[in-house]
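Quick notes on the structure that follows.
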């Protein structure tokens with residue numbers, strides 16, 4: 001299956017999954033089986049693919065896969081042009097083709113799909129735990145609750161999770177037990193509204209800070225949802241951000257190729273400083289700050305030189321912003337057994353660099369800055385399109401999976 005870049009929006013109005021898998025995933029083997037089975041469902045109607053008829057999987061020219069029935073519905077009665085519900089690219093029904101990898105997998109599994117475990121290399125009684133002993137403890141959200149989520153962050157004190165997504169209210173706050181406590185950040189054009197959230201972080205003093213790609217600003221809210229500060233000047237396209245232990249914020253400007261340090265009195269709504277601390281980066285997006293050493297890690301998105309869709313580069317800076325390590329997708333491929341396209345990054349409590357990889361649909365540890373890079377998969381099953389990463393105060397690992405619009409919480413087993 002292709003690992004095309006995730007588009008900025010998903011189709012609206014799709015009905016809920018008949019099995020409700022995104023809302024009812026539970027920890028353990030059954031949850032991961034459900035996630036794997038979702039790979040065999042159309043992402044528009046959520047019906048399982050079949051070898052014939054309306055359920056036959058079809059490739060669009062952009063690389064996304066739908067069932068034949070949804071292709072016909074999107075093309076309309078005249079059947080002339082259709083718009084991909086994921087990336088909005090226009091194409092004609094004649095430009096589509098059968099998705100042969102999925103058809104071959106369906107043939108392997110048989111009519112009942114009973115061969116799924118063996119086809120994916122798992123035995124029937126073997127738990128699909130991560131190699132590092134991480135197990136899925138909690139799954140939140142799902143289609144209808146979250147729409148195209150783009151960022152997740154944990155409050156250092158309370159363990160509450162803030163999630164940015166494309167719904168009517170852009171920020172959802174979940175308690176440590178998984179209960180949705182609050183929704184705020186209206187979609188609109190008012191001063192404190194959020195047009196298109198790209199990332200979110202939570203400061204140690206309990207404020208939610210969001211990068212808004214819609215009006216190229218950075219906006220801060222308290223946990224009650226009240227807007228306390230908006231910084232709109234000086235940014236080209238603010239993207240990723242992470243809070244320091246001092247409640248300052250380090251953020252990337254993807255178009256300017258820069259890193260900024262933002263300091264503010266959020267309680268009073270006063271901006272103290274917005275300073276560029278690093279320049280000449282290449283489309284920097286995700287960023288993370290080590291809470292112990294102050295080191296900063298950034299993911300750059302490099303432009304494609306040919307038909308390739310581009311690659312990524314992981315850069316590590318000291319607290320003084322001196323470059324201490326870097327490796328791009330090509331270099332990582334020389335060391336590791338697969339190509340890595342990093343989308344999110346975090347530091348664990350030991351100061352190791354952790355990234356999400358959309359190529360292998362995994363979470364990977366790249367080691368501490370002084371030993372970077374090593375290769376240690378932490379989660380290798382049950383993810384669809386991981387785009388966000390954070391750690392809770394209890395050291396649980398939180399992965400934002402935009403593929404099934406969910407938040408997955410892992411803890412040591």
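Glycine too: its Cβ is placed from the backbone N, Cα and C atoms.
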The residue range that TrEMBL labels region 'Disordered', out of 1-27, 28-54, is 1-27
Under an 8 Å Cβ to Cβ limit, what residues of the same chain, 6 or more beyond the ends of the repeat 'NHL' (181-224), are close to it?
8, 150-158, 160, 162-175, 230-232, 235-243, 245-247, 249, 251, 262, 264, 266-267, 269, 286
Kindly report the helix/strand/coil residue split of the domain 'RING-type' (42-88) according to DSSP, in that order.
11 helix, 9 strand, 27 coil
Using DSSP, how many residues in the repeat 'NHL' (141-177) fall into helix, strand and coil?
0 helix, 17 strand, 20 coil
DSSP residue counts for the repeat 'NHL' (181-224), split into helix, strand and coil:
0 helix, 24 strand, 20 coil
